[in-house]
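Peer 1: TrEMBL lists these features:
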- 9-123: domain 'Gfo/Idh/MocA-like oxidoreductase N-terminal' (DOMAIN)
- 137-257: domain 'GFO/IDH/MocA-like oxidoreductase' (DOMAIN)
Amino acid sequence: MTRNSNKVGFAVVGCGAISASHFIAIERADEAELIAVCDANAELAGKHADKYGVDAYNDYKELLARDDIDVVCICTPSGFHPEQTILAAEAGKHVVCEKPLAIRLSDVDAMIQACAKHEVKLATIFPRRMSPAASYVKRIIEEGRLGRLSLCSGYVKFYRDQKYYDSAGWRGTWAMDGGGAMMNQGIHTVDLLQWLAGPVESLQGYARNVLRQIEVEDTAVTALQFKSGALGSIEATTTAYKQPDHRIVIHGEYGTVILTGDEITTLDVMGSSIEMPALSPFNIFPDGHCIQIRDMALAVRDQLRPIVTGEDGRHSLAIILGTYESQRSGKQVIM
């Protein structure tokens, strides 16, 4: 615990764009206190340290040596996640790791094992699970209100031009990004789909670099067979000019539900109807990072299980890596 003994001490490692969500979440959580930041760019680390009145580090191991840091938020490029997580675990620090946990399942397994060995918690960030809308859909599926699921699909269509990929050397690379539209932009939709519809049994995937000058795919499609017997698909692209599409569509024996972003836009169930007014609580969603950061603080303080664990993060990554394996082999992949 920190110098304020009732608070859990946090450090943020990697001060890129996503770190802002972590800084805000730590600041808003009564149970958490930001202690330090770390980045290879000394100027960037210093800027954030000055803003929040904390210490700045360029040396990650020096940061880990502090005894008032309980949790490390890892916000670096994906290729760095395994080593940084394992070092944190060895130093006795709990870890909140941005998505994806890693770019290889073997690395995820090593991260999970290291955290278990050193008795620290590993959480991964999937904020869309936190939305009231997603939680409501999860509940009605589990209650059987949609009946047996038949077709469950996810659509994640962004626009990222060449300037986006050229803005940082790691973007669009296998080594640091781990993948393209399916991995970087699509992982939240992949995670939410498998969380709602259940485990995937097998898949057939196609992933192509159609328009961008990058190593990884800018467009991918995956056909899914769920263990429940339902079928489904995932479409992901970064080439959808002015036509973003962020939906999950679930059809079942008794009805259909559509999530658009973090809102329920369609909910039709036989024998009943639920209207979703503009100001419905289902459509008002605070930052999911805030929920997960506070959850981790409580998990550390009260010895609880994080709401989204490393094992949870492994499931969605397996679907994405299975898509790439299927593209390479031209064969169906059994999960």
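Glycine is no exception: its Cβ is also placed from the backbone N, Cα and C atoms.
Let's see these features in context: how buried, what's close, how far.
Peer 2: Averaged over the domain 'Gfo/Idh/MocA-like oxidoreductase N-terminal' (9-123), the predicted model has a pLDDT of 98.
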Peer 1: Would you list the DSSP helix, strand and coil counts for the residues of the domain 'Gfo/Idh/MocA-like oxidoreductase N-terminal' (9-123)?
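Peer 2: Summed over the domain 'Gfo/Idh/MocA-like oxidoreductase N-terminal' (9-123), the classes give 52 helix, 25 strand, 38 coil.
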